[in-house]
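According to Swiss-Prot:
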BINDING   151-208  ATP binding site
BINDING   282, 284  Mg(2+) binding site
DOMAIN    125-311  domain 'ATP-grasp'
């Protein structure tokens, strides 16, 4: 089966191919003889009732000196594609939300979109953990300064993070006696006008913030533990963390069993769970990464498995709701 697959992503010229999961997917698509088309968010638009895309044929090579080649662009109905992979990175802002509306309309016109646009919109990567409280650390979401201060007093050590960012951006670690608590809260909440998430600090982050990839709700049997650099508590590769491949623990598998069926039901077919110690901290649905690092450390073709799943899913899907 040869599919026409669109990949909606941030500019390909700016990616670091050795650690880019979207690039791993592109290599796998090409290896399986699919036609790959490249789009950026601004390439998708609504004209009257049709969703159109300015798309270019894309060829890729695992070569850091020249990793892509693009044809001239053509404007076509988006549903001229068979499948579209939505791989736009956060921030999760209103531009992202509007893009999911366009993709949802394209879906109704016959395009198979992965992950499902309505679920990308609904499943905020921080807030979605609230559906699984038995898996998470003590958590608070609020814009109220007094409520945040009370939570910090109760938990002694917390992290506070925005709901729409990525890669460890604007995450603060606070202790109960930190003199900066008021200014951090005021800044993060925009003086009480913006919701933020606070979670009990998990000391095991020093041993690694684990990323687990799930395909159709089933975990890859390995995790990428991202170990924070000295002097930092954030286990993000973009912040200098070191990636170390490990096998899943029994607790990791248990958390995946709790979350996986809901992901499958929502059409969230490619997801990255973040687990620190024994606790689920985030559910990454927009453009989870970690595949290239895991494939380099273990004899596993995660991107190939995902594309094989897409082929089967597309072949058996006759009515995309």
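Cβ atoms here come from the backbone N, Cα and C positions, even for glycine.
Distribution of Swiss-Prot features across the structure.
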residue : record              : DSSP class
151     : ATP binding site    : helix
159     : ATP binding site    : strand
175     : ATP binding site    : strand
183     : ATP binding site    : helix
191     : ATP binding site    : coil
199     : ATP binding site    : strand
207     : ATP binding site    : helix
282     : Mg(2+) binding site : strand
Give me the long-range Cβ neighbours of residue 284 (Mg(2+) binding site): same chain, 6+ apart, Cβ under 8 Å, in sequence order.
125, 211, 271, 272, 273, 274
When you measure from the Cβ of residue 207 (ATP binding site), which residues in the chain that are at least 6 apart have a Cβ under 8 Å away?
225, 227, 277
Would you mind listing, in sequence order, the residues at least six apart from residue 199 (ATP binding site) in the same chain with a Cβ closer than 8 Å to its Cβ?
136, 137, 138, 139, 140, 158, 159, 161, 281
Quick one: Cα separation, residue 151 (ATP binding site) versus residue 282 (Mg(2+) binding site), in Å?
19
Using C-alpha atoms only, work out the spacing between residue 175 (ATP binding site) and residue 282 (Mg(2+) binding site) and round it to an integer in Å.
21
One finds that other Cβ atoms within 10 Å of the Cβ of residue 175 (ATP binding site) number exactly 13
Cβ density check for residue 159 (ATP binding site), other Cβ within 10 Å (all protein chains) comes to 21
Rounded mean pLDDT for the residues that make up the domain 'ATP-grasp' (125-311)
93
